[in-house]
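Just below is one structure, and these are the notes that go with it.
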Amino acid sequence: MSDSLSNITIERKHNHVEICLHEAVGFDRKSAGFDEIEFIHNALPEIRFSDIDLSTTFLGRKIGAPLMISSMTGGFEKASLLNRRFAEAAEHFGIPLGIGSMRQALENSTQKESFAIVRKYAPSVPVFANIGAPEVARGLSASDIGILLELIEADALIVHLNAAQELFQPEGNTDFRHVLDQLSHLCATVPVPVIVKEVGCGISGVCAQRVLDAGVKVIDVAGAGGISWQKVEEIRYVRQRERENRFSPEALDDLLNWGIPTARCIAEVSDLKKHTVHTDFEIIASGGIRSGLDIAKSLALGARIGASAGQLLNAAHEERLEETIETWLNDLRAVLFLTGTTSPDKLQKQHLILKHRPIL
């Protein structure tokens, strides 16, 4: 990889974090869908609040709570500090940590420390490597896979599907041919479970079944409702080229808000366990998770754990990451108590009701 291309990637990574922290890049025409559902109150919970246990299991590992610090950053100098903060918080709470795209670890050996630092500060929790679908489509060598996994002693490998982001990205790679074939090969050869995630446009039930057929063990739905990476890349495009993107004004707003709401994604993907041969995969709910209440709703819809990137990035930047996570876990404890459930694993769809369902 040439120095110029590597430098472009470094600058892009830096821009992503800066834009997410300082610009309005959320969905403004749709929500994650959690506002459409609420829990049925249990006036007789018959439990003691102090008996509530948030611990659960994920990919066969016990974790302290059903929350993951989701994939966000790495591959540039200042990412080391952010990833250290993420790692320290993950270790403190005993929760999984996803790493940002590790393409830079393959392109530029000088940027490896920004990824490797997470295992130094999170030695005992599940940590997940991450690479993009375009890189998978081109075929990852055994050496590439070894670098990704060994650098952080990864417990799983995330493959992120980001077609909309690549479409808007000034230097984006929009060749998504052969992703599924190469994903199947990856699942058959990699020594750790493979997780497939979107980055904010969601994964439908139909798409989920295709990647499960390929051998994927976990689906992170990453639905619409949180960060719109189309907006992030649109800002970069305008800054670089000093003009609007190549789409018509009539279509642009819809494309910037393109995606399936997170709650719908969870419900669709979860239903596959009832209607297909795939019964043992796990679901991560991300995309617009803003509280422990959203996590609770995700679990009741069928997710195993919830995850957040954007909200926790802001918290880490403001040095209040552990405080934010603790608040979210308190939210979750409150929901468990008020539904009469003593653990996250016991939340079910029957605890939910559509807000606008007719009374009679």
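Glycine residues also receive a Cβ, built from the backbone N, Cα and C atoms like all the rest.
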Joining SER70, SER71, MET72, THR73, SER101, ASN130, GLY288, ILE289, ARG290, ALA309, GLY310 at the FMN site recorded in Swiss-Prot, out of LYS197, LYS217, is LYS197
Least buried by Cβ count (within 10 Å) of the binding-site residues ARG12, LYS13, ARG103, LYS197: ARG12
Would you mind listing, in sequence order, the residues at least six apart from MET72 (FMN binding site) in the same chain with a Cβ closer than 8 Å to its Cβ? VAL17, LEU82, PHE86, GLY98, GLY100, ALA309, GLY310, LEU312, LEU313
